[in-house]
Amino acid sequence: MSEFLPGHDRESQSGSATAGSETVGGAGPLLETLGLFAVVALAQLVAGAAGAMTGLFVLSAPVTNDPWTVVTSVYAHGGLGHLLSNSLALVVFGWPVARATTRVRFHAFFVATGAVAGLAQIWVMGLFGAHAGVLGASGAVFALLGYLVAGNRLSSGIAAWVSVPRWVTVLVFLVLAAAVTVATAAPQVALVAHFVGFLLGLLAGRAGVLQPQ
C-alpha cells in the first residue's frame, strides 16, 4: 500500500521471446524492482539517521521543492510491514505482466503510474487542506492489478464481443476502481493513489499499452 503520512503471454519455450531488440518474458523486471525496493529501504535508513528522509523520499507539496521524490517515493516505504506487503503484491500482480511485456515497458509503466498516483494523492488532499506527504509503491502495484483485470485474454475477448460506447467503459472502470479502493481502505492508506493507480491500469490494459510491438 502507499502510505499516507499525517496481457498476452508471448513467452517462448525458453522462457522469453523477442520484440525487435527487446526481450519479452522472464522475471528480470520483477526482480529488479524488488532489488530497488531493498536498495531504497537501506538508503532510507541512512537518510533517516541523517534527518534527510522527508526531503529524499517523501512526495509532498510543493513538488518543486524536492522534484526527485516524484520517482523516489514510488520505491520508498514507511516501514518493514509496508515494504513486505507491497513486495508480496508486486510478485502476485507483477509476475504475469512481466512475463508478457518487455523490461523497458514494465519499468516505465511502474514508475509512471506510481508517480501519477502519488501526485494525484497530494493534489486531491491539498484541496481539502491536508498537506501530508505520501510514499509507497501501491499506486503502481494497483496499476498492475488493473492492467491484469482489463488486459487479459478473457476481458479482451468480452470487449471485442460486446460493443458498448466508450463512456460506458470509462464509467464501469470508475465504479470498479472506486469499489477496489473502498475494499482496501484502512487508516493511513493513500486511497486516492490506490484509486488512480487502479484506474490507470484498467485504461492501460484496455488499450494494451504493454503489449510488445
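Keep in mind that glycine also has a Cβ here, set from the backbone N, Cα and C atoms.
According to TrEMBL, the feature region 'Disordered' maps to 1-21.
Annotated compositional bias 'Basic and acidic residues' per TrEMBL: 1-12, in sequence order.
TrEMBL lists 34-59 (among others) with the feature transmembrane segment.
Per-residue pLDDT, averaged over the domain 'Peptidase S54 rhomboid' (66-206), rounds to 89. TrEMBL lists 66-206 with the feature domain 'Peptidase S54 rhomboid'.
As annotated by TrEMBL, transmembrane segment applies to 79-97 (among others).
Same-chain residues lying 6+ beyond the ends of the transmembrane segment (104-124) with a Cβ under 8 Å from its Cβ atoms: 2, 4, 22, 29-30, 32-33, 59-61, 63, 70-71, 73-74, 94, 97-98, 131, 133-135, 137-140, 142-144, 147, 190, 192-194, 196-197, 200-201, 204, 209-210, 212. According to TrEMBL, the feature transmembrane segment maps to 104-124 (among others).
Positions annotated as transmembrane segment by TrEMBL: 130-150 (among others).
Same-chain neighbours of the transmembrane segment (162-183): 142, 145-146, 149-150, 191, 194-195, 198-199, 202-203, 206, counting only residues six or more beyond its ends whose CB sits under 8 Å from a CB of the stretch. Residues or ranges marked as transmembrane segment by TrEMBL: 162-183 (among others).
Residues or ranges marked as transmembrane segment by TrEMBL: 189-209 (among others).
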**OP:** Could you give me the DSSP helix, strand and coil counts for the domain 'Peptidase S54 rhomboid' (66-206)?
**Re:** 110 helix, 4 strand, 27 coil
